[in-house]
Amino acid sequence: MKIFTAAQIREADAYTISNEPISSTSLMERAAGRCAAWIEDRYTPAQPIYIFCGKGNNGGDGLVIALQLLQQGYPVTACLLEYGSRASEDYTIHFRQLHQQYPGRIREIADVTGFPELPPGAVIIDAIFGTGLNKPIEGWLAGIVHKINDVKRQHTIIAVDMPSGLMADGSSRNMPVIHAQYTLSFQFYKLAFLLPENAAFAGQVHVLPIGLHPEYITQTPARYHITDIDMMRTIYQPRQPFAHKGTYGHALLIAGSRGTMGAAVLAARACLRAGAGLLTCHVPQCGYEIMQLGEPAAMCSTDEQPDFNTHFHEQADARYKTIGIGPGLGTSAATARSFEKLLAVYKRPMVIDADALNILSVYPYLLYQLPAGSILTPHPKEFERLFGSTTNDFERLELLSRQAVRLQLYILLKGRYTAIACPDGAVYFNATGNPGMATGGSGDVLTGILTGLLAQDYSPKAAILLGVWLHGYAGDLASAELSQEAMTAGDIINFMGKAFLSCFPPEM
Ligand SMILES: NC(=O)C1=CN([C@@H]2O[C@H](COP(=O)(O)OP(=O)(O)OC[C@H]3O[C@@H](n4cnc5c(N)ncnc54)[C@H](O)[C@@H]3O)[C@@H](O)[C@H]2O)[C@@H](O)CC1
Ligand SMILES: Nc1ncnc2c1ncn2[C@@H]1O[C@H](COP(=O)(O)OP(=O)(O)O)[C@@H](O)[C@H]1O
Ligand SMILES: [K+]
């Protein structure tokens, strides 16, 4: 699914209005009607509802929601914020209707002392600002935002389209923003919802289709995307009936050192569970038995060194469809030298994680020697070591994308919505996964999965989109059965089978 900027969303609205065609008033009624229906599905008409409306079209949505809920018998109070701006046309139209039909339900608020006394259990609807916000909320309006946030533990807060105060496409650091439990976002995700610095604001995001014109959506290029199951179904390749293990590639995994062999075992298991035909793991001598017992289906080559890997470059030859390197590897100078020699001989896209990334941050010239189309999988700290720090998440996203283009690599910045930056400048956010995956070893599992998919001849882009999706999906299945607390990285591997079956049900 594309993620459009606020300006593109305005264009989509305008395109829909002139080409469907539909009046802007009716489009607002359609959009806000979806919100009202969402609320009616979840709350009984006994529920007191307070709708805070700004004077733009987001406020107009609030008025339409008020009208619809009042018609259904909900005790709604429409709190209209009177901050002096001129009201939008569609706001004015719906204000007149509300005023005519339910004058007693309107409460005008002109300063922070007008903030209403909320009855227990009241639901707050935030329709103050949406995508039209063009500067931080200030003055007494900011006071209203703080008042609403002060009662967030006692009352459910539902934001219409966006939490008010949040910028769709830029940083809102240190600005007053509503802390919503739910955001009912029209038609698309906004970029701001996907970045960790905004974690407190949008809550659970529900994207409500409002019938924006499909022609605009397909024809307008977007830089940012969020992955979905339909995209995965175009990528996934079922196995062929006459396949043999050679069909699905031989992967080499270079991982492990004394004390971190578990990372190597997790990556190896995940690589095989992702479907690699054959896997050889290169480990230090101390890891031989651990690996042979930990994953009997993997072959094992041992280093000259007992405790860490120093001679893996001698292993890397054309036999291997791809290489995954990094989990538990260590960062000794001898390991770094072997990595450099490996890069001199091995030219296919590979997966680079953990300590292999840390080696790259110490010897950044090696970044230019990576095979084009290789995949870097940093978490935020590793990213910072590699490419430096930024003052906010939007700048970091820019830096991520710029580096992927400059180096012609795929760079995955891991997190709640892992951001996958492609060499052509596009960025995909992954939608699956949960905080149960914030546990040691989850990243090693991802490296294994990506290596396994590359071995099977998925293109790097396909391997990443599918691999990151399945990793998160398996994590979601694991947490549903085991809880986010009790699940471990190994459980993500154990649920890979169910993830494949549930995303790609075999044809009968
Ligand atoms: N036809 C349409 O355009 C549709 C728009 N919809 C709604 O319209 C919203 C966008 O509406 P608008 O563009 O009117 O924008 P908003 O309702 O977000 O309000 C912005 C208005 O307030 C002013 N403003 C911006 N930041 C301010 C600040 N910090 N302090 C005080 N005033 C500020 C702006 O100049 C603008 O007039 C969407 O988020 C969505 O809720 C929906 O009704 C769907 C259809
Ligand atoms: N809150 C979360 N929501 C979704 N996914 C998460 C969350 N926390 C962690 N993950 C995922 O778990 C993995 C953690 O990777 P990483 O930090 O490298 O772990 P490790 O180094 O312990 O293996 C990443 O793929 C990340 O996207
Ligand atoms: K809002």
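One-based numbering along the chain as shown.
Heads up, the Cβ atoms here are built off N, Cα and C, so glycines get one too.
Please treat TrEMBL annotations as automatic predictions, because they have not gone through curation.
Per TrEMBL, these features apply:
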{"type": "BINDING", "residues": "57-61, 130-136, ASP161, ALA263, GLY328, HIS379, ASP444", "note": "(6S)-NADPHX binding site"}
{"type": "BINDING", "residues": "ASN58, ASP126, SER164", "note": "K(+) binding site"}
{"type": "BINDING", "residues": "LYS414, GLY415, ARG416, TYR417, THR418, GLY443", "note": "AMP binding site"}
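Among the binding-site residues THR131, HIS379, LYS414, ARG416, THR418, GLY443, residues whose Cβ is positioned under 6 Å from ligand 2 are identified as HIS379, LYS414, ARG416, THR418, GLY443. Between the CA atoms of THR418 (AMP binding site) and ASP161 ((6S)-NADPHX binding site) there is a gap of 23 Å, rounded to the nearest whole number.
Spatially close to ASP161 ((6S)-NADPHX binding site) yet at least six residues away along the chain are ASN58, ASP61, GLY130, THR131, THR183, LEU184, SER185, PHE186, judged by Cβ distances under 8 angstroms. Distance between Cα atoms for SER164 (K(+) binding site) and TYR417 (AMP binding site): 22 Å, as a whole number. Close to ligand 1, meaning a Cβ under 6 Å from one of its atoms, are these of the binding-site residues ASP161, SER164, LYS414, GLY415: ASP161. When Cβ atoms from all protein chains are considered, those within 10 Å of ARG416 (AMP binding site) total 17, not counting its own. Cα-Cα distance from HIS379 ((6S)-NADPHX binding site) to ARG416 (AMP binding site): 11 Å (rounded to the nearest whole number). Secondary structure from DSSP puts GLY60 ((6S)-NADPHX binding site) in a helix. Sequence-ordered, the extra residues of this chain that approach the AMP site, with Cβ no more than 8 Å from the Cβ center of LYS414, GLY415, ARG416, TYR417, THR418, GLY443, are HIS379, LEU412, LEU413, ALA419, ASN430, GLY433. A count of other CB atoms within 10 A of each Cβ picks out GLY60 as the most crowded of the binding-site residues GLY60, GLY415, GLY443. Filtering GLY60, LYS414, GLY415, ARG416, GLY443 by Cβ distance to ligand 3 (under 6 A) retains none of these binding-site residues. The number of other Cβ atoms within 10 Å of the Cβ belonging to ASP126 (K(+) binding site), over all protein chains shown, comes to 30.
Its Cβ taken as reference, THR418 (AMP binding site) is surrounded by 24 other Cβ atoms within 10 Å in the chains shown. Cβ neighbour counts within 10 Å, taken over all protein chains shown, single out SER164 as the most crowded of the binding-site residues ASN134, SER164. The Cβ of ASN57 ((6S)-NADPHX binding site) lies under 8 Å from the Cβ of MET28, SER88, ASP90, TYR91, GLY130, GLY132, each of which sits 6+ residues away along the same chain.
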